[in-house]
């Protein structure tokens, strides 16, 4: 599940994402209005209602699906399946002459005439909407398949762009701006939804290499297009040859874009390896202190801090050797990773000390987490050298982030209280858990005894 979730990240509520979706909806509304009130009178190309329904379905999916990327609502899945069925039917009608007519049937054509709809659901639009909806539908469970269909939609969009560009600059023909605009904003929206994915992460990165990848992608589209237009201007060709040239150039652009996406995947993998080396402790796999600090801005709410310390660790190193001590730390790191839930952060805080930050700061939850850690450590067999047996134990201190804490310092204050609780657990026998409230009570009692 973590692998699938990493393809989406947290739900995208950024202004750019909302802007893409709302501009797309505006294009759909304006394109539909143009079909009803202007195109029906002038005969100009327009956004067909079936195309508008398909693009509106993409817009709804982009608004709703990020809220539950791994388990989209049943109604959303049904809507996507309906659009997939309609678009697949349109492609089958275009490709197989004997296939039963539904989308291009006489009934639909008569409805077009009755309600004065102009244009029709084109094969390009049907293919792009089919690919986009299959990508959205399969993303929760089969993300590589979803990316393949998304790339298919990109290929269709490139061919549509080439046809539009050649029509404007070479053939002086008319095209539906609304249909092309809706298609490209749909591509941008779905790409933004998938922006955490390994193929697209580099393209959407805000670092220098991200700008380079975006420039390469733009060049992969515009350079073949510009070269094709100049070639046709210099050496005019019949319409059949132009279609073949558009197909060839769009295929070349799609191939370049595919290579760029594969390069982005490799760079993303290399960057993640470097990030892992820079932010994680190589022995335990837990975050290092710098790694934890780098994760805090995107971690969301932190409700509590738990410190875990291996008891008598110096004795373990002295009697059993440093290799055995490293083995214990690595095993403890694995135990803690297996216990943690989604949203919890684990860091190696000191030599034999681990820190857990959890969004749930309730006393019951923190106590339960500490109990699970003690049980996991107790399940391991004791260390042994000859007749000497030594059972590894841990002491734990925890504290909740208090309501009056504000700013970034709240986490550090909670860690300080957890550290005081850990000290109390060590002082009163080890192999136990102490809450920050207990530690505070112990300190007050000790002070009262000293004063008395």
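Glycine too: its Cβ is placed from the backbone N, Cα and C atoms.
TrEMBL entries are annotated by machine, without manual review.
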Fill in the blank from the handout: Between the ranges 245-264, 265-284, 285-304, 305-324, TrEMBL assigns transmembrane segment to 245-264
Exercise for the section: From the ranges 95-114, 115-134, 175-194, 195-214, grab the one TrEMBL calls transmembrane segment. Expected result: 175-194
Problem - The annotated transmembrane segment range in TrEMBL, which must be one of 46-64, 65-83 - result: 46-64
Handout entry: In contact by Cβ distance (the transmembrane segment (245-264), the transmembrane segment (215-233); 3 or more pairs under 8 Å)
Key = yes
Exercise for the section: Give residue numbers and ranges for long-range contacts of the transmembrane segment (20-40): same chain, 6 or more residues beyond its ends, CB-CB under 8 A. Expected result: 46-49, 52, 55-56, 58-59, 62-63, 116-119, 176, 178-179, 181-182, 185-186, 188-189, 192
